[in-house]
Amino acid sequence: MLVHPQFDPVAIHLGSFGIHWYGLMYLIGFLAFLWLGRWRIAHQPWWGKAGWTKKNLDDALFYGALGVILGGRLGYALFYQHEYYLTHPHEILFLWQGGMSFHGGFLGVMVAMLLFAKRRGLTFFGIMDFVAPLVPVGLGAGRMGNFINGELWGRASDLPWAMVFPHVDSIARHPSQLYEFLLEGVALFILLWWYSSKPRARGSVSALFLIGYGSFRFLVEFTREPDSFLGLLSLGLSMGQWLSLPMVIAGVWLLIVSLRR
């Protein structure tokens, strides 16, 4: 049995000001997006022919960051705590309180990329296929931030690597944040980076992202402690699982359509 180290959530103390680990994880995700994106533009010439430049990459990050933050926050309020935020709508703006939803952030990014595509004269799936392999690094960094903060812990377990989170209780639990780091971060990155290493049918890389993330998230949710204010929903599935199922279904449909073109 392992014990969570209970890290200080503030990574860097600067007098009365502190830089939190979770903020650093966002920064790592954004910087990795730029570095990997520039590598692809320089070493995979078909992306340049599709209209990708360093300027477009920088602007895509700006649009995407807005989509992640706004969509993630609104998604959390809508999917997880809608009753609370209906009576406290102004607190949606308090980003330092409450949480963020990946599925809301994903929808926010889709809207942002639609606007970006229209403004730059690019195709939506041309953008999403380029962006999709860059995203898992940020997802993995975010899950590592969850682990450092000791949040989103797993269900009770007697496995050798089960971990006690002392600030929660004395029960050994799945370190589900690390499972998500390995699957949604490392495994999904390797899969998408490999698949997109040569030209593919338009939409197929995006489809693989939907299938991969949705499947990994659905599986890990079986080890993750359900949100106390929601519990399990219909068929004993969590909110995260119900939100991930449409991603898998849409991904399978999109992959079939893409490969038939």
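The first residue you see is number 1, and the count goes up from there.
Positions of Cβ are set from backbone N, Cα and C atoms, glycine also.
What Swiss-Prot annotates here:
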TRANSMEM  17-37  transmembrane segment
TRANSMEM  60-80  transmembrane segment
TRANSMEM  92-112  transmembrane segment
TRANSMEM  121-141  transmembrane segment
TRANSMEM  175-195  transmembrane segment
TRANSMEM  203-223  transmembrane segment
TRANSMEM  237-257  transmembrane segment
Criterion met for the transmembrane segment (121-141) and the transmembrane segment (17-37) (at least three Cβ pairs under 8 Å): yes
Interface present between the transmembrane segment (17-37) and the transmembrane segment (92-112) (three or more C-beta pairs under 8 A): no
Beyond the flanks of the transmembrane segment (17-37) by at least 6 residues, Cβ under 8 Å: 7, 9-11, 52, 57-58, 60-61, 64-65, 130-131, 133-135, 137-139, 141-142, 144-146, 148-149
